[in-house]
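Data block below; observations after.
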Amino acid sequence: MMKKFFHVEDIGNLNKAIKDAKEVKANRYAYQNLGKNKTLLMIFFNNSLRTRLSTQKAAMNLGMNVIVLDVNAGAWKLETERGVIMDGDKSEHLLEAIPVMSCYCDIIAVRSFAGLENREFDYAETIVNQFVKYSGKPVVAMETATVHPLQAFADLITIEEHKQTARPKVVLTWAPHCRALPQAVPNSFAEWMNAADVDFVITHPEGYELDPRFVGEARVEYDQRKALEGADFVYAKNWSCPGVKNLSDYGRILSKDMSWTIDAEHMSWTNNGRFMHCLPVRRGLIVTDDVIEGERSLVIPEAANREISAQVVLKRVLEALK
Ligand code: CP
C-alpha cells in the first residue's frame, strides 16, 4: 500500500518495479481509467523542467486531473517554520496551507530543495514531512532536501535498458560546479544503486562524503581515475559539502577542481562506459560538449524515463487509494 514515495523501500520489490516500468513503457495508456476523477496536486517551491513535465504527463497517461502550483509565482509566500512572528513577506503559514491544498486533490507531489544552511533542518526533511503529517494524502517526492527518488528510479530503468552485463560497474562521480548544490540526487542515486544488482563505486574529493545512510555498502574511492577504470556507467553530479566529516562545512563548495570534469580522457578509462547525468547540466564544468553529445551519452533516455518512473509510482499510489 503505497502512501508515500521518498525512498527505495517505498516502492517494494525493485525487480517488480523494473518489470512494471517495462510494461508501462510498452503500453503507457493501459490504465487511463485508474486516475479518472482523481487529482494530482504538484507543488513547486523550486524550479523544474523535467520533473514538472514528466510527472504531469505520467498523471495524464493515467487519466488524472493535474493542478500545478508554483509557490513562488502567484501563490502567497509560505512560512515554513513554527514559532516565528510573521511580519515579513510571508503571508500564509504552511500549517494552514497544507490542509487547504489537500482539500482539492487526492495525491500531493512536492518539490522543496535543501536550504543548505542548517543540516539538521534539511536532513530531518522538515518541510515535506509536514505535508506527510498534515495533508492526510499520499505524498510523492519530486526532489526534497535530501532525496530525488523519481530521478533515481528513472536512472535505474535506464541502466537496466542499456547494461551489457548482468552486474555492471556503476560509478557515481562528483564533478565541479560554480554554485552550491544539494545532495538529493547523489543521495538517492546511491540509495537506489545499493538496492540494485550493480557493482557500485562512489568517487569524490576529500570532504564530500555523502551521508552514511545513503553510502551504505558502496565502495568509496578518492582517486577518480581508479574509480572510473572499467566502469560501464559514469554518473556525474556535483554536490556541495554534506557536512558529514565537518558540520560547519555543510552546504559549502570545498573544491572547484576542474580535473574532475568528465571529458573524453576520463571516459577512455572506462569500459566503453555510458555517460549519465540527471540534467540540467552545466557544460564545461560537469562534462565536456563532446562527451554529453557523444553516442555513449544517455542523458536524453534518462530524461525520457522520468515519465515512466513517475507513472509507475503514481499508478501504485492510485491503486492504494482504492
Ligand atoms: N532532473 C530533474 O529533476 O530536472 P528538473 O530539475 O528540470 O525537474
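Each Cβ is built from the backbone N, Cα and C atoms, and glycine gets one as well.
In the three-state DSSP scheme, Leu150 (carbamoyl phosphate binding site) is classed as helix. With a cut-off of 8 Å between CB atoms and residues at least 6 apart in sequence, the same chain places Phe5, Thr51, Ser54, Thr55, Val140, Ala141, Met142, Glu143, Arg306, Ser309, Ala310, Val313 near Leu150 (carbamoyl phosphate binding site), listed in sequence order. Per TrEMBL, the feature carbamoyl phosphate binding site maps to Ser48, Leu49, Arg50, Thr51, Trp76, Arg111, His148, Pro149, Leu150, Gln151, Cys278, Leu279, Arg306.
What TrEMBL records for Glu143, His177, Lys237, Arg282 is N(2)-succinyl-L-ornithine binding site. A 10 Å cutoff on Cβ-Cβ distances gives Glu143 (N(2)-succinyl-L-ornithine binding site) a total of 26 other Cβ atoms nearby, all chains included.
Annotated domain 'Aspartate/ornithine carbamoyltransferase carbamoyl-P binding' per TrEMBL: 6-161, in sequence order.
On the 0 to 100 pLDDT scale, the domain 'Aspartate/ornithine carbamoyltransferase Asp/Orn-binding' (185-314) averages 98 in the predicted structure. Per TrEMBL, domain 'Aspartate/ornithine carbamoyltransferase Asp/Orn-binding' is recorded for 185-314.
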Same chain, 6+ residues apart, C-beta under 8 Å of the C-beta of Ser48 (carbamoyl phosphate binding site), given in sequence order: Arg111, Met142, Glu143
Count of other CB atoms lying within 10 Å of the CB belonging to Arg50 (carbamoyl phosphate binding site): 20
Contacting binding-site residues, sequence order - Trp76, Leu150, His177, Lys237, Arg282, Arg306 vs ligand 1, Cβ under 6 Å: none
Distance [Cα-Cα, Å, rounded] between Arg282 (N(2)-succinyl-L-ornithine binding site) and Arg50 (carbamoyl phosphate binding site): 16
Among His148, His177, Lys237, Arg306 [binding-site residues], residue with fewest other Cβ within 10 Å: His177
For Trp76 (carbamoyl phosphate binding site), nearby residues of its own chain (Cβ under 8 Å, 6 or more apart in sequence): Lys90, Ser91, Glu92, Ala97
Coarse DSSP state, helix versus strand versus coil, of Lys237 (N(2)-succinyl-L-ornithine binding site): strand
